[in-house]
Amino acid sequence: MCHFILIFLMALRGENRYLELREAADYDPFLLFGANLKRELAGEPVYRRALRCLDMLSLPGQFTFTADRPQLHCAAFLIAEPEEFITIHYDLVSIDCQGGDFLKVFDGWILKGEKFPSSQDHPLATAERYIDFCDSGLSRRSIRSSQNVAMIFFRVHEPGNGFTFTIKTDPNIFPCNAISQTPSGRFTLVVPHLRRNCSFSIIYPVVIKISDLTLGHLNGLQLKKPSAGCGGIGDFVELLGGPGLDPSKMMPLADLCYSFHGPAQMKIGCDNTVVRMVSSGKHMNRVTFEYRQLEPYELENPSGNSIQEICLSSV
């Protein structure tokens, strides 16, 4: 199920700057990842381009969709850096709500019924995560996401109709749920005395190395068994893997029940790997980890501390 999103991600890998320079002549809709490019654009005029019926955006800027024919099943995936919120501001909307058009923002990503963040990890009920322009109009002109990803769903029947919106990003001091833009990186997830669950998603088969875990109590790491787990401990980290987007539907691979100073390393050959922290609110919890995409030969010849068997069908 994550293969669809993976196509977007792989199309962008290593080609961002080249494609961006080329866009004036022949733009590619799948070009929009890269922190370096964001920094280069800082202070320059607002970045603008047309929005396609199926698109992915990772740069702040202004985007315009104009229907050239009835477009009935359209969606735009929005993603920022893990430490950022996304704000969507409607500049102009010309759609026919009475005629069946719609324009909706979803707080997170949703694909084939699977959501990120999952319903267990998001502060709002699923129905409340949708904001429908046809219900709220311009009274909700600006919409901010709860994490670094959001989606826009839209349907426009009449050629010439459409909408324009601007994307801005704001810093998130304590990012809780996030999807990585890149197949490798380093991240520290901190939950400061709050009762909530936080997931960091990497939509690649990866090797993940946990260098530090602080849970406010003692030490240890154990592989998950059917009857095992962290028992009554209210603060823990779990590693999840699977083919889909929703962490609540993934296979638990390992429980990290106590504080330790690593490294602890594991290869996970799933389409999607999630580091999920569950917090009771009694402690300041923190986990630091590095990750990189597995090479094809590593998937074919697993070795060391590796969990791949349950994911072979999705690799």
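Count begins at 1; order follows the chain as displayed.
Cβ atoms are placed via backbone N, Cα and C, with glycine included.
Unlike curated records, TrEMBL annotations are generated automatically.
According to TrEMBL:
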- 1-17: signal peptide (SIGNAL)
- 46-170: domain 'Corticotropin-releasing factor binding protein N-terminal' (DOMAIN)
- C53-C74: disulfide bond (DISULFID)
- C97-C134: disulfide bond (DISULFID)
- C176-C198: disulfide bond (DISULFID)
- 179-300: domain 'Corticotropin-releasing factor binding protein C-terminal' (DOMAIN)
- C230-C257: disulfide bond (DISULFID)
- C270-C311: disulfide bond (DISULFID)
Rounded mean pLDDT for the residues that make up the domain 'Corticotropin-releasing factor binding protein C-terminal' (179-300): 86
CB within-chain contacts under 8 A for C97 (disulfide bond), separation at least 6: F133, C134
Rounded distance in angstrom between the Cα atoms of C176 (disulfide bond) and C53 (disulfide bond): 30
Residue with minimal Cβ packing [other Cβ atoms within 10 Å] among the disulfide-bonded residues C198, C230, C257: C230
Disulfide-bonded residues: C53, C176 - member with fewest neighbouring CB atoms within 10 Å: C53
Disulfide-bonded residues compared (C74, C134, C270) - the one with the fewest other Cβ atoms within 10 Å: C134
Structural state census, the domain 'Corticotropin-releasing factor binding protein C-terminal' (179-300) (DSSP three-state): 8 helix, 69 strand, 45 coil
The domain 'Corticotropin-releasing factor binding protein N-terminal' (46-170): DSSP-derived helix, strand, coil residue counts: 12 helix, 67 strand, 46 coil
